[in-house]
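Features of the protein shown, as given by Swiss-Prot:
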DISULFID  24-41  disulfide bond
DISULFID  34-59  disulfide bond
DISULFID  63-71  disulfide bond
DISULFID  72-77  disulfide bond
SIGNAL    1-21  signal peptide
């Protein structure tokens, strides 16, 4: 009986959805796993006068404000 109970507990633990975490790009090739409360990936581009724009990427709890901003909510959507 104890073996059956232990087996059922193990199967239950393995089948539980322990939570979904979003994955976003932090740099062009580097990714980061977001915190559970961070449900948005963003990409923010700051144009430069000399031609090299600066791009920031990451996770957020809300869509930050800014020019040339992209917000999305699926894995690796902010490339």
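Glycine is no exception: its Cβ is also placed from the backbone N, Cα and C atoms.
Proximity to residue 24 (disulfide bond), judged by a C-alpha distance within 10 Å, picks out 59 from the disulfide-bonded residues 59, 63, 71. Among the disulfide-bonded residues 41, 71, 72, 77, the ones whose Cα sits within 10 Å of the Cα of residue 34 (disulfide bond) are 41.
The shortest Cα-Cα distance between residue 72 (disulfide bond) and any of the disulfide-bonded residues 41, 59, 63 is the one to 41. The two recorded residues, residue 77 (disulfide bond) and residue 41 (disulfide bond), show a Cα separation of 7 Å. Counting other C-beta atoms within 10 Å of each candidate's C-beta, the disulfide-bonded residues 24, 59, 63, 71, 72 are led by 24.
With respect to their backbone Cα atoms, residue 71 (disulfide bond) and residue 41 (disulfide bond) stand 6 Å from each other. Separating the Cα atoms of residue 63 (disulfide bond) and residue 41 (disulfide bond) is a whole-number distance of 8 Å.
Each residue contributes its Cα atom, and for residue 41 (disulfide bond) and residue 59 (disulfide bond) these two points are 5 Å apart. Other Cβ atoms within 10 Å of the Cβ of residue 34 (disulfide bond) number 19 in total over all chains.
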